[in-house]
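Notes to accompany the following structure.
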């Protein structure tokens, strides 16, 4: 089989994704202070992206070195599961941020922990079910005309995944609009109570909205092209179109650690401590609210 440069690029992307998210998973797993709901959700996102990176590497290895239909279904199932879990984890983080603002007084309670575990179970349960569909027989290996732009997934399977993505994106957009309203209202109230100047209130509000715009804009720019092409594309279209739209989607898993993990001050402290050789798993932290965007 001739080596496709696009597959090489995807494999390199998978390697970078795996390394980045492995750091986040190890830091959260081995630091007892990171057991708050916010860090559990970030850990879920990092785990999903780590599996996505590994899936890209394994898919490349098996396609070119161990070609097998059964193994191909397994790797595709892993990719579907991991990317679905990644997008779903982004939704759970958005919900958590919204609730931390909307129910600020009751956020730090046992109910929040229970709700977090429920969201994690639903996220991974649904993602695994999506990933098992090709393995359980919903594939186009025996009927090429039913194939989608991503073989061996069927067109119907990919349509379901795309529609699910648009639903997640719509919910995230609505939640971030509500978060912007709450942030603006809180900034105005603080400015009035502390007699800040209007310019200070404007700077604080603009900073919060700009951060939210970067988060949502990054997610949309990475995934929307692929999701739209999944609905409009056909198996007879050139594979180049699939690669051009799929590659930016993988970049989302590369950018997620930067946005959701490495920007967090507590995780930064641990990483600096590890680099300096003075890491202590019991070091105290002031766990910030997830609404600190």
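Backbone N, Cα and C atoms are what each Cβ position is placed from, and that goes for glycine too.
Features as listed in TrEMBL:
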type	residues	note
TRANSMEM	6-31	transmembrane segment
DOMAIN	20-260	domain 'G-protein coupled receptors family 1 profile'
TRANSMEM	38-66	transmembrane segment
TRANSMEM	72-95	transmembrane segment
TRANSMEM	116-138	transmembrane segment
TRANSMEM	158-177	transmembrane segment
TRANSMEM	209-228	transmembrane segment
TRANSMEM	240-262	transmembrane segment
Integer average pLDDT (0 to 100) for the domain 'G-protein coupled receptors family 1 profile' (20-260): 87
Cβ pairs under 8 Å between the transmembrane segment (240-262) and the transmembrane segment (72-95), at least three: yes
Non-local residues, at least 6 beyond the ends, that sit with Cβ under 8 Å of the transmembrane segment (38-66): 1, 3, 7-8, 10-11, 13-22, 24-25, 28-29, 72, 75-76, 78-79, 81-83, 85-86, 88-90, 92-93, 96, 100, 116-117, 119-120, 123-124, 127, 250, 253-254, 256-257, 260-261, 264, 266, 287-290
